Amino acid sequence: MGLVIKYFRWVEKKTGQVHTPKAYDTLLMVMARSKNFQSLEQILEELSLAESGPSNNTCTELVSSFIKLGRLEEAVHMMQTMRKFKFRPAFSAYTTLIGALADANKPDLILTMFHQMQEIGYEVNIQLFTTLVRVFAKEGRLDAALSLLEEAKSNAFEADIVLYNVCIDCFGKVGKVDMAWKFFHEMKAQGLTPDDVTYTSMIQILWKGNKLDEAVELFEQMELNREVPCAYAYNTMIMGYGSAGKFDEAYKLLERQREKGCIPSVIAYNGILTCLGKKGNVDEAFRIFEDMKIDAAPNSATYNILLDMLCKAGRLEAAYKVRDAMEDAGLFPNVLTVNIMVDRLCKAQKLDEAFRIFEGMGEKGCSPNAVTFCSLIEGLGRNGKVDDAYRLFERMLDAGHIPNAVVYTSLIRSFFKCGRNDDGHKIFKEMLRRGSHPDLTLLNTYMDCVFKARDIEKGRALFEEIKNHGFTPDARSFSILIHGLIKAGHARETYKLFYAMQEHGCMLDTLAYNTVIYGFCKSGLVDKAYQLLEEMKTKGHPPTVVTYGSVIDGLSKIDRLDEAYMLFEEAKSKGIKLNVVVYSSLIDGFGKVGRIDEAYLIMEEMMQSGLSPNVYTWNCLLDALVKAGEINEAIVCFQSMKDLKCSPNTFTYSILISGLCRVQKYNKAFVFWQDMHKQGLVPSVVTYTTMISGLAKVGNITEANGLFERFKARGGVPDSAIYNALIEGLSNANRAMDAYRVFEEMRQKGCRISANTCIVLLDALHKADCIEQAGTISVILRGIAKSQFTMAKS
């Protein structure tokens, strides 16, 4: 192209004349056909000075060349440059470019070109409006699609059947069943007769929207007085019945199709087989497979469907037989077949079988592709074989495959799951070094792994890094950040992050709602959480057991138990299967405020619903009984817990020991203490303190002192209560010097000694003729008295 432009300039210089518009147009056509656009803008500028412009053919050829090179943004820029130089690009150039932009799903650029056409004065047609509506609806931008429809109507365009079909299909695919249904009825009102495409699209939308009865009614309406059945409509209805598990109806449709002289196709049978596979009806699928051979020859897709379901069911011998039958039918297993088998076997944790198929691919005449490697790497990683996964990753590189973000995501997740956090970080760095770019899923997964590894600051940094990689954090990004911060004790940040989500325009899904609600409850903003629960319902996100559980727990913790119970009843009325966590929250709440009878009733209901209370549930009830002074009932409850095969934990014993000591049943408490040790449970600091104090008070000083020494040997730090109780116990047991040694240790630790302890110790020292030590205690006792007198005066 460089030589052409040089010659173009040489001629200009040699003749001393400016080139004609025709010469410029020819040069532009050469540029277009050679797909070399060197100096394009300069040539266009010179042409504008000649007050001319490229011909329509040249303009369209230039656009087509950019499109063939996949340089759509440059094509748009060229059209805008032409407008800058006051050219009027050809109508066909616009329509060609808009068509290419539609194929590439670039609605905003399409709209730019569409408006530019209108500014120039071109009369746009209904076909262009149809293209725009399709693209915007496909992207889920329904308001923009509806706005374009209104614009078409305001321009007096009459919507044709193609536009209506596009609207029905696009709006239906994004879940707007009512809107699709409205278009269907509107087209009939406009005098347009729905065709096969209209009916079939609407039928498919209805059954996917769980409106099977309406789909059946529409199908029958379509079939009324029709001699030749629409095979595509039959296939759609058969798939609908299969998805709903109504296989008898699907089989009847096959028979009905035969009766009308139309033999069911392989597509119809593949639809039924797919649905049977999803329902796990493998044997029934093979019965249909045999029937199918009468009407239609199985194709590669048929065999792949069968292999898929057999591998999922772990029926490997049958899967190998199907693979052999596939070969016998002349349909040699391709890489797609192998990938299905490898992926399903990995998910069924049959890695050795998956590897055997992988290694034998060469014998079958096909080579593994990136998908094959990805499935095996994922399978190995999920089963803890991270080193094997990494070695396979290296083989993938050696084979010349470029790993995608899915492979790197799998490796990062696997390393972190195995506790090898440094290796997980290295994988991310290696990916960047190789020039691979992360996607949002990878960054979210990496951030989630980092938060679970309790690296809070790194997790925060990764959230910010999402933006640096050119992505906008989505609802999952915020959910991971909020959940990670809550687990790290930063629940109060939930409020700020929730509003940041809204500012970013994040559409909250169920997971995001649940995370935010959980955060609000943990930070005490229960009313805000309750408000969000109601918002979920209006936004079409039915609250789950997690949602209800969070709010019920939040209300229970702030003693709003009647509201919590109402929510509990609401959840049950909606058919939500409540779990042990929800029941435990209510039992704990009612127990803490002394409403023991209600706590018992909830426990009873829980067991009647088939749920077994866990150790936390029993502990909540035991704690409530102890605090209510019902210690005998607590012991009965403890026995019931053991009878129901729920093993008590350290906290269970601590509750009972504390309760028994509180009512001065120290010896009984010591029995539970010994039982606790027999179970191999290690007492907490509070339990040690309670038990030592209790034994000392009851005079069992040998055991108390022994516990005291074992407590310290295990690294325990005694407090003032434990020291005072032990000193008094030793003093009362006439072990004055032992008491005094504990007293000295207490002073060195800086713990406060009570006046009563000093009096008891002083009396014991006098009785034991320990005059010097008694004098020390007397001085300290006078100091305590003086301090109390000074405080009283002030």
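Every residue, even glycine, has its Cβ placed from backbone N, Cα and C.
No curator has checked TrEMBL annotations; they are predicted automatically.
As recorded in TrEMBL:
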- 60-150: domain 'Pentatricopeptide repeat-containing protein-mitochondrial' (DOMAIN)
- 55-89: repeat 'PPR' (REPEAT)
- 125-159: repeat 'PPR' (REPEAT)
- 160-194: repeat 'PPR' (REPEAT)
- 195-229: repeat 'PPR' (REPEAT)
- 265-295: repeat 'PPR' (REPEAT)
- 299-333: repeat 'PPR' (REPEAT)
- 369-403: repeat 'PPR' (REPEAT)
- 404-438: repeat 'PPR' (REPEAT)
- 439-473: repeat 'PPR' (REPEAT)
- 474-508: repeat 'PPR' (REPEAT)
- 579-613: repeat 'PPR' (REPEAT)
- 614-648: repeat 'PPR' (REPEAT)
Confidence summary (mean pLDDT) of the repeat 'PPR' (265-295): 89
Outside the repeat 'PPR' (160-194), six or more residues from its ends: residues with CB under 8 Å to it: 126-127, 129-130, 133-134, 137-138, 140, 142, 145, 149, 152, 201-202, 204-206, 208-209, 211, 222
For the repeat 'PPR' (55-89), residues assigned helix / strand / coil by DSSP: 26 helix, 0 strand, 9 coil
Same-chain residue ranges lying at least 6 outside the repeat 'PPR' (404-438) that approach it to Cβ under 8 Å: 370, 373-374, 377-378, 380-382, 384, 386, 389-390, 393, 396, 445-446, 449-450, 452-453, 455, 469
Residue numbers, six or more beyond the limits of the repeat 'PPR' (299-333), whose CB comes under 8 Å of its CB atoms: 266, 269-270, 273-274, 276-277, 280, 282, 285-286, 289, 292, 340-341, 344-345, 347-348, 350, 353, 364-366
Per-state residue totals over the repeat 'PPR' (160-194) - DSSP helix, strand, coil: 26 helix, 0 strand, 9 coil
Secondary structure composition of the repeat 'PPR' (125-159) [DSSP: H/G/I, E/B, coil]: 26 helix, 0 strand, 9 coil
Residues in the repeat 'PPR' (299-333) grouped by DSSP into helix, strand and remaining coil: 26 helix, 0 strand, 9 coil
Residue counts (helix, strand, coil, in that order) that DSSP gives for the repeat 'PPR' (439-473): 26 helix, 0 strand, 9 coil
